[in-house]
Structure formats: structure tokens, C-alpha cells
Amino acid sequence: MAQQMTTGQRYLRAFVSGFFVAVPITVTVLDRLAYVARVEGASMQPFLNPGGGSECDVVLLNRWSVRNYQVQRGDIVSVVSPRNPKQKIIKRVIGLEGDFIRTLGYKNRYVRIPDGHFWIEGDHHGHSLDSNSFGPVSVGLLHGRASHIIWPPNRWQQIKPSLPLNRGPLDTEEKQE
Amino acid sequence: MLRRVLGQTLGFVGYTIQYGCIAHCAFEYIGEFVVCSGPSMEPTIVNHDVVFSERMSRHLFKIQKGDIVIAKSPFDPNMNICKRVIGLEGDKICTSAPSDLFKTHTYVPKGHIWLEGDNLKNSTDSRSYGPIPYALIRGRVCLKLWPPHSFGTLSESPTQRIIKSPSDSDSD
């Protein structure tokens, strides 16, 4: 090894060692801790993207809280689309495994969600590709839970789990119609 | 004295974080070692075999018919299943048993794959629970590492269940 390095060689060495530190840490943080995603489309209106195409919301996805696949009803989650593995869709969790759901436009009127699956729906019914089209979704496709809206600044807020009215699992007494 | 200990602790923590992240990237994007259990892939993979499954094919969407894959179970995301890919999206799958007189077929929906074990008599797979979404695949098994006498790449499907479509290349 040469005793003295030129300035160029020193910068190259610093860059390469910094690169090998920064890239794995960034990749691990994005895979395990948190992810930032822009919401496109109108399927979650009016809660997300109320302004339509003019300005899209950007949400913070918490990946650490879903490491054990624990979600609550009413959470907004991002899921890998069962129709297209290259795309992620962001929807609300309506029911968990074992629940009875009254569907909107699915081939069966009532569905019992199988083990290891859950039921997701967009808030804007009719403009949403969700479980009403492709049925219960496997929990293994869960990607992250949307915890905060971080852009635009005037819509900065924490997202709390809330089920829409009349969209929720049926209790056994309700089913006598 | 305290500053030295603090400095050393921070240095240690920094190295742990850095190597932990490198390990995560290796297991997530390169490959992982898997210990298989169960009889559903006999004779290709038997109980207590150790295999190496690589992740790149899955991230680059290059999984092909006839590959053995490790996937998350559709009914329990914490459990993994090891099966062979019989059909990709759009492929024709024969759903009737070999003893049936009338053969029934189905097509694998978009974004899904059809998995079957090599030991057809003793395997719960897509014949019972249907096609699974592609994104549940974790990796493709490429090498068997243990036991030493069967070290090496894995053999082709012993069952004649893969229907080769006319567009497949005949390179094997």
C-alpha cells in the first residue's frame, strides 16, 4: 500500500465506506421501521386526497407496528395488491378473521372471513378496488399501517382507527333479517 | 474515565447497528437458509433437510413454472410453506383427480400462482385452498445443503402436473 494517498483516493475511500454504511441502514429503516408514500386515486375520499387530483396526500407508514401482523378494525393500512404484486394499495380494515361481514357488491351477500385473512375497503364505495372485488385478503400481504398524514402541511394529523358507519362486523343478533 | 466508557459503548452500539442492517439486507435481498419439515415435498425434499433459498428471483419477478418456492402460508402469515410452482397467472391447471372420468380445468387469476407439493398424496396445497397471491412468495429454493449425500441443485417435478403452454421454450 502506498504510504501517501492522493486527495482523490482519500475522498474515494471516504465515499465508499460511507456508502456501505448509509445504504444498508437506509434500506433496513425503510423495510422495518417506517416508509413514506404518496396516496394516489380517489378510493379513500373524503378522508385521504379530498382535493382530487390537484394535490395528493403523503402518509407515513409505520412498518414496525405490523411486524407481527397485528391490526385493528378501522386502521388504514397499505397492502400489496393481490391482483398486481408490483403495486401497493391503501385501504381501511373493516373486519378481521372470524368476523361476519355484509358486503357491498361482492359475489356473496354475507362473508365469514377465513383464518389469516382480513377485509379491506376504501371509504369511497364504488370508486375503490378492494375486498368487494377480490374477496378477503391474506394478512401476509400486509405492508404497513398509515399513522400520520405528513403532507400537505395544512392536513398534518395523526390517523386514528375509526370504522365508517354501518360498515363493521355483524354481531350474531343482527343477522336475523 | 466516564467519557472513555461512553465513547466505547457508543462505538459498540454503532457497529452493532451497522452489522445488523447489513445482515438484514443480506437475508432480505440475497438469500436465507431454511430448515424444511414435513412430508409434502418428498422425494425432492425430505424432513429435516436444510436448503438455501434466494430472494433475488422473487424481487425481480423471475419465478418460473417448476421452481420450488418458500411462501408465507395464506392462513397463518407466521408460518412458511415450501411447494413447487405448477402454474403462473393465466396458466391452465387441471383440477380433477387422475381417477376422474371428466377432466376439469381452471385458469390461475392475475397476480396469483398455483402451488403443489411433490408428494401429491400427502400435501395440502392449492388443490385445497386455491391459488395464492404472488406477493406471499418469500424466495426460490435453489440449493440443498444438508444432508451431505444429497447436496446440490434440486430435481425437476416428479409429478406430471405442469402443463407446458405452447409459448414455453423447450430448453430442458
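Placed from the backbone N, Cα and C atoms, the Cβ positions cover glycine too.
TrEMBL annotations: computationally assigned, not manually curated.
Residues or ranges marked as active site in TrEMBL: B:Ser40, B:Lys83. The feature domain 'Peptidase S26' is assigned by TrEMBL to B:18-96, B:102-146.
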Legend entry - Inter-residue C-alpha distance, B:Ser40 (active site) and B:Lys83 (active site) (nearest angstrom): 8
Legend entry - In three-state DSSP terms, the structure that B:Ser40 (active site) belongs to: coil
Inset, instruction - Please list, for the domain 'Peptidase S26' (B:18-96), how many residues fall into helix, strand and coil according to DSSP. - result: 16 helix, 31 strand, 32 coil
Legend entry - Confidence summary for the domain 'Peptidase S26' (B:18-96), mean pLDDT rounded: 91
